[in-house]
C-alpha cells in the first residue's frame, strides 16, 4: 500500500470513493481474534474507474508490488503481545495510536482484487499497487452475509457513515449519490457537514470537515471546499511562548518495580530532588466497592506509604496517585467496565470521590491522576455515554475535594492519537483538572505491523508527530499552559528485516531481542539502552541524531534497531515546548533510569540530581550501613573526605597512578563514620568483568576501572561489564540475628519462623527429587529483609544487587535447577528493612511530659504585670541533679476567662477573655446547628505523620478524633487585642528583632480616650450586628457578653455563644501558636540550654523534645496556611473586622481605630513569622554549635537531633503566614 505524506497521529476516519480516488478507511473493521472465511463474504461488485488502472491489462510497463491489505486486521488492538508474561510490564501507559494514519492513508490502484479463502486466518485482499498512478482505482466492496459483530460487511451494511454508491459506480453522500439511481446503502449519512444527521454536525475536537463530509486534519480535509473548522494548523489558544516545561517535573513510579527481580527500584531509590511531583502508578479499583487497591496481591499496600515517605527527602514534593492504566481497562478483565460504571451513576461518582479523598487523607497524598484508557473507544470497552460522564466524574471529584478543606490536585492522562482523544470532551474536562498529562510517546512500535503503515521502523517519540498531536489540543481550545509534555525513559526496539537498511522507514520482521531485565521483545529501558551503548562503543556503534524529529536511533548486533531520547533530544523537545508555552513535563517512568540517574540529569540538564537524597536519620542509619550515603569524590586531587565521613577506598576511574602509592591515587570513596563499613574491596577482574559482592556485602560503587583496595593485582579496565566496590557492614549481623538456612533438602521453616528467602540447593547435595532450602527468621521480631530475589539468568551478565540491597548469598543455581554460564553465580539480593531496627519518630508529647506546658488555651496571657514567676524543676535522669528555671505562666483554668491589662498614662485598662468549651467537651463543640454557636469545621487538626521532619497537619473528621490530646483553638488569639491597643497608643507596629522600628501612619488614640471607650456600653439607640448566639446548657458561671467594644471583640474571637471561630488542634501545637502570637519564643532560652546539656549526656528524650518543638513551629504555619481552615480564618477575620468597624463608627472615643487596625494586621502577621524564623535559627544554631559531628557519630539521639536541626534550618522560608484574610 502506498503511504503518501505520513502524518502520524493525524488520521482521518471514513472512506469515500470520490472524484477518482479510493481512500482506505482506518476504522474498526475486525474484532480481535475473529476468523472469517469466504463463506462469510460475497464479492459485491467492482467499480470501474473512468480510465484504466496502470498495471492492469490495459496499462503495461509499470512496476507492480504485492502486499496484504493490512487494514482489514483490527488496527487498534495490540493485544500486549510485545510484553513478557511478567504482569509488571503490562501496566505501563499505552498510547498505541491505532489511528495514526494520513488522511489519504494511501491512494492505491487496485487490480485483480480477490477474496482468498483462508478459514484459519482473517480474510486478506491481495492487490497490485502503483503509488504513481493513484488517480484511478478499482475498489473491492465486500458485504458480510452472516451476523458477525464488527465485521467489514456489518459496517458497510449497517453503519450510516458508509458510502452510498450511485449508478456510475462512484461513491459519495447526498442526492447525487444517494438519490435516484443509487444502487446500495442509500440511507448513508456523512460524518459531518451538510449531509450529516443532524445537518451541520461538526467533527470531534473541532477537526476539519471535508467537502465530502469526512473528519480529518490534513490538507485534503482543511482546504478547498472544507465545510467547517477549516484550519490545517491551528495556533495555541492565547498564543505561543513563555513556557516553563520544567517548572513541573512529574515522575511516574511503576510500583511493581519495588519487587522486580532485576534492576529492583524502591521508592526511596528515586531522585526526588529532581522532581516536583511523583505519581504512584498504578492504583486499581475494586469493581464493587470502588475502593483503591494495589494492582495485584503481589504488590503490597506498603508501597503506598513508601511513596508518601518520600516527602521526608523532599518536603516540597507533591505526590499523586494515578488510577487506572492500560491493563486496568484491558479487554477481558473484570476492571475494564469499572470507570464507565462509576461515571454513569451520580451515586457511584460520589462513592468513588469519597474513596479517593479517604485514600489521599490516609497517606497524605496531594492529588489524583485519572488514567482511563480509554473512554468511548469501542475497542477498549468504551460506551457512547462515557464522553459526558467522564466530565461529570471530574466535576464530582473537584466538588468533593473543594469541600474537604484540603488543596488537592486533579489531573488526567490523555493520548496523543485522534482515534482515542476524539472521545475526550476536553473543553468540559479542563474546567475541573489542574492540567493534562499528554502521553507523547509510544507513537510507534511493533504493533504497526497490523496497521496500514506496515512493518517499518519509526521513532516512538519524535517531535514531528508530537507537534501535530499538540494541534488536536489547540483545536479543542486547551492552552499549552494546561499541558504536561511526556518523555519516555525507554525505547521501542525492532529486529530489522534487512540488516543493511537501518534508517526510519526500513522494514522490520518483529520486536528486538528482550532486554536483560525488562525481558520484553520490542522494548528496552533507559538503563538497558545505556548498557548497549557502553558495551558497543569499541565496536563502532554510532547513534544517529535526527535533529528534525528530535530523536536518536541506532542499529547494533547486525539486525537490532531502537529509537530513544538523550540529552540532545530532550533539549530539542524542551526548547520547542517552552516556545509553545507548555507548563509541565512528565516522565514515564522514573524507575526506568539507571542508578546514576543519567536520564533525569539529561532531561533536567542538572548533574547534581540525586546528590541531595539525604534520608532521614534512622532510615539514613540503615541506608548508610548499606552504602547508600557513601559518595565518590569527583576531584582526583582531593584525598580527604568531608566532615563526618571516612575514606573506604578509591576508584582509579581513568586516573594515571604510575609511580604513585595506589592507596593515594584515584577518586576517593567516602562513607559516613556511623555506617560501620568494613573490609571493603573491588570485586571483578579485567576483560569481561562481572563484579559481584560476596555474602553479607553491599555494593557501594561500580566502575570499569576498579581501584584500591582490590581482590587481585588485576588493574586492567573492563571491556565489558563493571567491577563492583563492596563492603561488609556492621548492621548485617544484627539484622540476621536469629535467622538460619534450613539444613535439609525440602525442609520448611519452624512454626515460630517465617521464610524470607529460598534457594534451590544451599548445601550442594540437592537433586531433582529432593531440593530446596529456606532462609528462616523469627516471627517475634520485624522481618530483617524485604523483597529477597535472585538476580542472574542465562550467562548471568547482570547478576549484581542494586545499591539499595544487600547480597544475602551467591550461588550458581539460585532458585532454579539451571545454573549460570562461564562459572558465574547468581546473587540473592534483599532490601534491608528499616522497621527491623528503629524508626526516627517524633512521638514525644510535651503535654504528657509537662502537663502545665500545654494547658488548654496555652499562651493566652492573663495579665503580664501580675503573672507569677513559677519555679519549674527538672531532674536529669543521667546525673540525678536538680535544675531550676523560670517561666512566665498564667493561673486561669482552661476555658475560663483570663484577665488582661494594659497600663496607660490614663490608668490601668482591664478586660477579660470570654469563656469557651474546652477540647474535651465534644458534645458542645460539635452541636448541630447553623448559628454563631456552631463550629464552622467539625473536626480537628493533628499530625499527618510522627516522622520528625514531617510538619504537615491533616484534617481529622469528628468521628476519627482521639478522645484526648486536642484543645480548643482560637484562630485569632486572645493576645491580639492587647497588641492592637499597644499600637494604638504608642504608634509602634508589632515587630521583632533588630532594625528600624516600624511606625504607624494612622493617627493615634489618646490614652484617656482608650480607657474611656474600651469598656463603655454602646448607646441604646445604636443598632449593631449580632455577635453571639444565646444557648442553653452552658456553665453556671457563664455570663452573656456586655455590649461593650471589649466584650464584643473578645466574643468575636470566640466563646460559648460564638464558636464559628474555634477549631480543635493538638495541644502542643496550640501552645506553640499561642507563644508565637504573643511574640515569645515557644521554648525559653533556659529550657533549651537545659535540654541540650541533658541530650549531650546521652538523654535521647531531651534531644527529641527539642525536635518536637522545631517540628511544631512548622506545624503551626502548616495549620495557619491550610486551605481548609482558610474559610474559617476569613469568617473569623470578618467578625473581628466588623467589631473594629463598630468601634470606629459608634464609639467616639475610639474613632480612628479602624485605620490603625488595617495597618496593624499585616505588620502583626509579619512579626509572627519573623519570630518563628528567629527562634528556629537560634535553636538550630545552638544545636549545630554544641553537637559536633564526632559526638553525633557516637550517639544516635544526637545524630538525629543534628540532622533534624540541619533539615529545618533550610526550611525557614516556609515560615510565612500567607492566608489572605480579605
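Cβ coordinates come from backbone N, Cα and C, glycine included.
Of the listed segments 3-36, 37-70, 71-104, TrEMBL assigns region 'Disordered' to 71-104. In this structure the alpha carbons, written CA, of residue 203 (disulfide bond) and residue 222 (disulfide bond) are 12 Å apart. Between the alpha carbons (Cα) of residue 215 (disulfide bond) and residue 222 (disulfide bond) lies a span of roughly 9 Å.
Sorting the domain 'Chitin-binding type-1' (189-232) by DSSP state (H, G, I as helix; E, B as strand; all else coil) yields 7 helix, 7 strand, 30 coil. Fewest other C-beta atoms within 10 Å: among the disulfide-bonded residues 215, 222, that description fits 222. Spatially close to residue 208 (disulfide bond) yet at least six residues away along the chain are 215, 216, 217, 221, 222, 226, 228, 229, 230, 231, 232, judged by Cβ distances under 8 angstroms. Minimal Cβ crowding within 10 Å, among the disulfide-bonded residues 203, 226, 230, is found at 230.
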